[in-house]
Every structure is written in structure tokens, then in C-alpha cells.
Amino acid sequence: MSLQTLIEQATNPPESGSAASSPFSTDSFDASVMSTYGRFPLALERGAGCRVWDTQGKEYLDFVAGIATCTLGHAHPAMVEAVTRQIQKLHHVSNLYYIPEQGELAQWIIQHSCADRVFFCNSGAEANEAAIKLARKYAHTVLDIEKPIILTANASFHGRTLATITATGQAKYQKYFDPLVPGFHYVNYNDISAVEAAISELDEGDYRVAAILIEPLQGEGGVRPGDVEYFQKLRQICDDTGILLMFDEVQVGMGRSGKLWGYEYLGVEPDIFTSAKGLGGGIPIGAMMSKKFCDVFQPGEHASTFGGNPFACGVALAVCQTLERENILQNVQDRGEQLRSGLRAIAAKYPHHLTEVRGWGLINGLELAADIPLTAADVVKAAINEGLLLVPAGPKVVRFVPPLIVTEAEINTALKLLEKALATVTA
């Protein structure tokens, strides 16, 4: 079945012959589900391509994609086929046994990256936890560091577990969760002098910097691309000192930047990097990749019950193969240029409200002026009313992360809907 057929079916779903189910209730939901999200008053029930529909039947153009996760959009035929095939074949067994789908996916990643080894898990936070553990063991057993320190960046985001909120250089994610995990130190992003100073200052007694964990492009921190010169100097520092260079590619990796991996924009290779979000196209899966020299894990030192299961790996492999077979990276580059051009044209019409457009491929941010009360959430709410889903990246940046299959016509439609939303909130 083609994607266009799926979209048509989602637009005009067949009427159910059974009795109507109870209407969706946000009150019932809120009474049952923990309040870990500040949710918009919108309940989505189906999707196809770059479109989703709410429980009232209203259609939206989805430029959130599960926050940079639905690589191939919703109900893509390749994913539908892979899900159906794998669930009928084998969906879960323990990692005590060899899992062919896991091996195939690992080999695909290795063939399409700088990695030599892969560890599979279920999310970006888990992948970053694995990277932190691997770096710490390497520090103890290879670098002979008694108390290793990992440098991370201010305004970074690495996950919601206790170690990854500590790695995250944003105090708002750490509030109320003391005591935090020791062994992290923050430096300003794209500031090489801050890195050099930290390495010098922290080299005292049993303490030494063992690794640097950083995003090629800061996503939650406001869609801020890394500077090429900065990252190349980071690589040189790590080569000179033995410090591990680790990249968090959870949001920018798997083609979202227009290249398969964000590090390809920067002209350097990490020793360790992580992936999740777009890897499974919306099916939960994460991965931590490393060069052979720093693969120091032994059996029993790290594990995941669900990580690398046949179902997730089988679907993720289909996503990866579809990216390659359909040359989707070229679409990401073309549509990204179109989107940024359109956003800049809109920004020029609102010079007192909109200050900058930035990003790579199909991860882009529209920054609002700091000296006005208008927030990213205000724009997102207005866009929802117009039928466009967007997501904030901090209080002053509106983020655009559509599925990588988005079309030229859909970009144009999104830009028109955004203009309507902006006209409302700036009136």
C-alpha cells in the first residue's frame, strides 16, 4: 500500500460498525497519568505521512514528528510492513542469545558511520548512560584516572535519568533531584578557551578530565549548531591528551541534519556517539556506538532487558534501509533549505519580534526577540489553532522538526500557517 493511499484512508477513515467508544476525556487522562508533561489541550488519534488527526477529526500538519523522532512520518508503508513481519516472526528474546536482527542493524550502523561496536538500548537517555559508564570504565582501566570528570556544555540536554540530568547543563532539569551524580563539569558551548581552562583547572590530585560529552547541534538548548573550528579543536585536544570525545547525536543524528550523522558537518569523528529518536522512526530504540579501542565493556558490566530486541531492531533496520534506498537525505537537504529560506522571509516581516533562523537540514529554530513578552509557547499555541504542530526549544525558540519525507508543498503550507499564527500573536 502506498503512502498516498494511507494518507487518503486516514483523511477519510471508514465508519466503525461497532458501538461508539466513550469520547476522550482530558479530565480522566489527567486523573490517571502523572503530570510529567505540560500538555497542550490536543488529543491525537491517527496519522499518515506528515499529517495527524485529533479525536475530533481535525487535521494538523505535523512539524514535531514526536520531537524529531518519526523519521518516515506516520504509517509509512516500509514501517507498516516491517512491524507486521517482525511481530508475526519474533518480537522479544533475551540478549543471552544471538539476535540476528540486532546483528544486522549493528552492521548497517557500522557500515554507515565511524563506529566499530554498537550497544543497543531503548532511549537516548539510556544510550547516554551507557556512554558515561563506558567512559568511566575506560578512565579507570586505561587512563588510570581515580576520579574521572566528564565535561559537558551549558544549555545542553542529555536525558532525564539521574546521571543524564547531571550531564545536562541546565539547572531547571536538576531542581529537587539532589544529590546529583558527581563527576561532571560544565563549560560554555562553542567556547574552546573554556574547555582548555577547565582541563587545566580540574587536573588536580586524583581528579582529571576523562571525556567530553557534547551535542554537534544543541537541540533543547535552542537549536544551536556547533562551530566547525571549535569541534576540530576539541578533536585535537582529545588526540593530544587521551580524553575521549563523545557526541550526543540523539536528536540531530539519523539523517535529520541532512547528513546521516551530525559529526559529518564538523569534519571530525567522535570516539563514542549515541543515537535514539529517529533511529526507530518512532519505535523505541537507542544505541551507543564506539571505536574499537575504547570498547572496554565485559559481560555483566552493562545490559538492557529490552535493548536490541528483534522487534525494535527489525523495524529500525527497515527505517535505515528506506533512508538509503529512497535517497531521503537529499530531500532533507532540499526541504531544509526551502524551510530556512521561507522562515527568513517571514522573520524579515517581523523585525521587532523575530531575530534569527538557524539549523541544519530539518532541525531548525526561529528565535524570538529577548525584550518582548512573546514566547515560543505562545507561537506554538497559535500555530495549533491554525492546524500546524510546532515545538518550543526553550522559552524563546520555536523548533521545526518535520518528518524527513516532508514535501515541498507541505513546507509551503506550513509557512503559510505560521504566518497566520504570527499575525494573531503579534496583533
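A Cβ is built for glycine as well, from the same backbone N, Cα and C atoms used for every other residue.
Feature annotations, reproduced from Swiss-Prot:
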REGION    1-23  region 'Disordered'
BINDING   GLY124, ALA125, PHE157, ASP248, GLU249, VAL250, GLN251, THR305  pyridoxal 5'-phosphate binding site
BINDING   ARG160, SER304  N(2)-acetyl-L-ornithine binding site
MOD_RES   LYS277  N6-(pyridoxal phosphate)lysine
Neighbour count first, Cβ atoms within 10 Å, every protein chain included; then name which of ARG160, LYS277 tops the list of recorded positions.
LYS277
Could you state the whole-number distance in Å separating the C-alpha atoms of PHE157 (pyridoxal 5'-phosphate binding site) and LYS277 (N6-(pyridoxal phosphate)lysine)?
14
Within 10 angstroms of GLN251 (pyridoxal 5'-phosphate binding site), Cα basis - recorded positions out of ARG160, LYS277, SER304:
LYS277
From ASP248, GLU249, VAL250, THR305: binding-site residues whose CA lies within 10 A of ARG160 (N(2)-acetyl-L-ornithine binding site):
none
Greatest inter-residue Cα distance in Å for the pyridoxal 5'-phosphate-binding set GLY124, ALA125, PHE157, ASP248, GLU249, VAL250, GLN251, THR305:
25
To the nearest Å, how far is the Cα of VAL250 (pyridoxal 5'-phosphate binding site) from the Cα of LYS277 (N6-(pyridoxal phosphate)lysine)?
6
Counting all other Cβ atoms within 10 Å across every protein chain shown, which of the binding-site residues GLN251, SER304, THR305 scores highest?
GLN251
Tell me the Cα distance separating ALA125 (pyridoxal 5'-phosphate binding site) from SER304 (N(2)-acetyl-L-ornithine binding site), rounded to the nearest angstrom.
13
Can you tell which of ALA125, VAL250 has the least company, meaning the fewest other C-beta atoms within 10 angstroms of its C-beta, among these binding-site residues?
ALA125
At a 10 Å cut-off from the C-beta of GLY124 (pyridoxal 5'-phosphate binding site), count the other C-beta atoms across all protein chains.
27
Please identify which of ASP248, GLU249 has the densest Cβ environment, defined as other Cβ atoms within 10 Å, among these binding-site residues.
ASP248
